[in-house]
């Protein structure tokens with residue numbers, strides 16, 4: 001299924017209360033965090049259905065590849081589920097992309113949500129199913145590890161229920177002339193975006209507004225990933241780059257690699273003839289926005305800030 005030849009498929013807007021399906025495509029799941037997140041959602045009045053494989057363990061993963069995919073497909077076939085939210089990230093999605101039934105994903109009408117390793121799913125869902133998904137919270141990490149961040153939780157429910165959202169007045173020293181940019185927003189974890197270049201799971205997006213974040217990578221390695229996207233021609237179809245949180249991204253050996261993230265941003269701004277903006281509130285942090293992958297968006301640059309609005313990303 002070629003996403004460039006079909007109309008974008010939209011998930012259904014969710015109502016209150018919602019039915020949430022929880023599964024694991026990546027690392028093994030902390031069962032106490034899972035229980036905490038379930039309790040929290042049920043206190044809010046929502047129904048939670050958990051794939052039994054979330055308590056499996058095989059090597060690093062939440063069960064074998066076959067078990068993880070089976071749990072995902074079982075929830076996918078349940079028509080009562082509104083939201084499919086991954087339990088955690090880590091590593092593992094790349095191992096199962098070829099085994100997911102993308103036709104079923106495309107026709108499900110469900111909201112698929114996650115971040116980190118889940119970026120691989122976001123990318124593949126657009127490329128293979130032409131389905132809009134969401135870069136947002138993970139079930140255990142964001143709802144089960146202490147009280148959920150207020151901004152994150154409010155933005156999550158607003159975004160999945162209203163079909164229109166905006167992030168206003170994001171403070172950012174950028175030096176670009178004020179302007180309006182219209183495009184299609186997409187992205188996620190930089191390592192996963194770069195990892196899928198040249199595969200069937202890398203989406204073809206024109207006039208992209210690309211958002212990326214990272215955790216635990218050294219600045220020189222982050223710059224190398226940006227150059228990979230540049231040399232692959234990704235930025236030739238991109239109208240703006242929005243940088244989120246780059247958590248713990250600093251040189252491990254400053255005397256050998258005296259290179260900081262500020263220098264990476266400076267290099268990127270010289271490399272591409274499009275705005276490169278920082279401070280988008282998302283990434284491996286508690287305070288994160290839920291961002292549609294594939295939605296039409298408008299970016300407004302002001303002198304020392306910018307605003308991002310997006311709409312038409314939910315169906316009936």
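Any Cβ shown, glycine's included, is placed from N, Cα and C.
The shown structure was predicted, so the numbers you read here are calculated from the model rather than taken from an experiment.
Feature list (source: TrEMBL):
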type: DOMAIN; residues: 20-136; note: domain 'LD-carboxypeptidase N-terminal'
type: ACT_SITE; residues: 116; note: active site, nucleophile
type: DOMAIN; residues: 183-299; note: domain 'LD-carboxypeptidase C-terminal'
type: ACT_SITE; residues: 213; note: active site, charge relay system
type: ACT_SITE; residues: 284; note: active site, charge relay system
Which numbers of helix, strand and coil residues does DSSP report for the domain 'LD-carboxypeptidase C-terminal' (183-299)?
34 helix, 34 strand, 49 coil
Mind giving me a neighbour count for residue 213 (active site, charge relay system)? Other Cβ atoms within 10 Å of its Cβ, every protein chain shown.
26
Under a three-state reading of DSSP, tell me whether the residue listed as 'active site, nucleophile' is helix, strand or coil.
helix
Inter-residue Cα distance where the pair is residue 284 (active site, charge relay system) and residue 116 (active site, nucleophile), in Å:
7
For residue 284 (active site, charge relay system), which residues of its chain lie six or more apart in sequence with Cβ-Cβ distance below 8 Å?
115, 116, 213, 215, 245, 247
Along the domain 'LD-carboxypeptidase N-terminal' (20-136), what average pLDDT does this model show?
97
